């Protein structure tokens, strides 16, 4: 994904990759997986969304095969989770403030990048929004399926919605002829603000009560 | 997928898309998801099977990126489910007769279309049957995985089997040189008849007893 | 996958396909699925890993569409599982010694083939290792997700690790200029030895305790 090193946007993507990997690893720790399971969930969470986007668009080999730094970064983050998971079993890394903020940065970076990739592939605007959300939020869904949790982004938090708004900003500004740099950073700001405000004030989307003895989490 | 508007087959596909989306949304409501979760499950259930087929065949970008009407239809159906889900929480939309019939229509339309797409891609007859079943039944499997239910099509109802028979009819008539129109409607009739008869007389496939404290549903 | 019949490596792949299909079918029996569910899990477990590898690399149509013998073999194994599952409900086919050994053979064959396919596609060495592990272990993950089990390869057994070591041997020897035949059989031996030793002496990877009322299996 990153084309120019030194790009501040790259920093955002690296930060987001670390945060996504940490969230995947932390879920694996809580689910009682082994070390390799932690590594697998770290990697899958970090690259899952972009992988699904690439497959849907027909961009193959998928991006991390061509440019594998996210795998390396995610593996390093997985090692960190394993080390901390043994020393501080109930640390719940993925609900620490620092990780939540970094995760919001990742959501922003991945969503914006994903939307641009989709637009560059020539898809229509609203399909680009769909693919931007898939890029930003898809990894978390795969993580939750593998760890047998209810996909958290679908059960009340403002998460995918922040991605949706950011992707819409990208498409809107792009259609209005705004420059890519401006568009990118404005959209990142929207995702970050919405997501961080949702965490801070515990905004939720309206949701339904589970019925018929459906499993609940936590 | 639909090339000519006014095509009665298109009507079947639209009807099926609505029914599949309603079934996805209804499962999300029962699982206690939020509004966005309902929309996601509506869309994924409606387009999931065709998406997997396209990916396996290497038809990319996948069909709904090129021709996105099923996404729009599924989103509209999702909004309907949300509205009804709040007013009549225990309506169980996806077990209403009208929805079951429309779902059967969707299963028929998607399976038949999927089998034709596979044959057009030059695959052998029985692999076309496999891909037809994937197209018709795949969305429901993804829905159930995301909602953490046992994949319903694998636990006793005659569902995928109806698709299997319809796909086999397509391949058989195609090999026998029958015209596409005749083949299409005969195969649709087979899927519909088998599926509706299975619902009416509660036909089931033989199944095994869950063992060792495996989770049961409902 | 197999190019030359009479190839002893082909024998290994057929054996592995049968064992993977049996493991998928046996999980379906225990989960209380119907006959079609057993067939679906048999097929998906047998071809799932190679399918994901092909999709990630952009090798489409995926290999079993071009060369469908693994589907046929898996379906035959599924029929066997159904027959035995009704006669001997608690046989637990997938924990029989013969099936475990055949499964180890399949893990070895699929991992080695997958790593070679990735190298042939021109990916870097360590990404080839990743794709080799995906090929060998991916089918089991899909099986467990569909049967709503915790992915067994992520919760303590030495399974994916055996694949990882074998894939690393392929990449290492290939880089060192060793012939393909030697590389292939040495790597197979490594996977087999590690996996069988892990079964024999119950080697496990360090793992974490499940927290917060997470579901446990068995």
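Placed from the backbone N, Cα and C atoms, the Cβ positions cover glycine too.
Annotation comment: TrEMBL describes C:11-84, C:101-173 as domain 'Glycine transporter'. Taken from TrEMBL, the feature transmembrane segment applies to C:12-29, C:36-56, C:68-86, C:98-120, C:126-146, C:158-176, C:182-198.
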Counting only pairs 6 or more apart in sequence, are there at least 3 Cβ pairs under 8 Å between the transmembrane segment (C:12-29) and the transmembrane segment (C:158-176)?
no
Could you tell me what the rest of the chain brings near the transmembrane segment (C:126-146), counting residues at least six beyond its ends with Cβ under 8 Å?
20, 23-24, 27, 40-41, 44-53, 56-57, 106-108, 110-115, 117-119, 152-154, 159-160, 163-164, 166-168, 170-171, 191
For the transmembrane segment (C:36-56), find every same-chain residue at least 6 residues outside the stretch whose CB is under 8 Å from a CB in it, and list them.
1, 17, 20-25, 27-29, 62-64, 70-71, 73-75, 77-79, 81-82, 85, 110, 113-114, 117-118, 131, 134-143, 146-147
Secondary structure content, the domain 'Glycine transporter' (C:101-173) (per DSSP, counts of residues):
59 helix, 1 strand, 13 coil
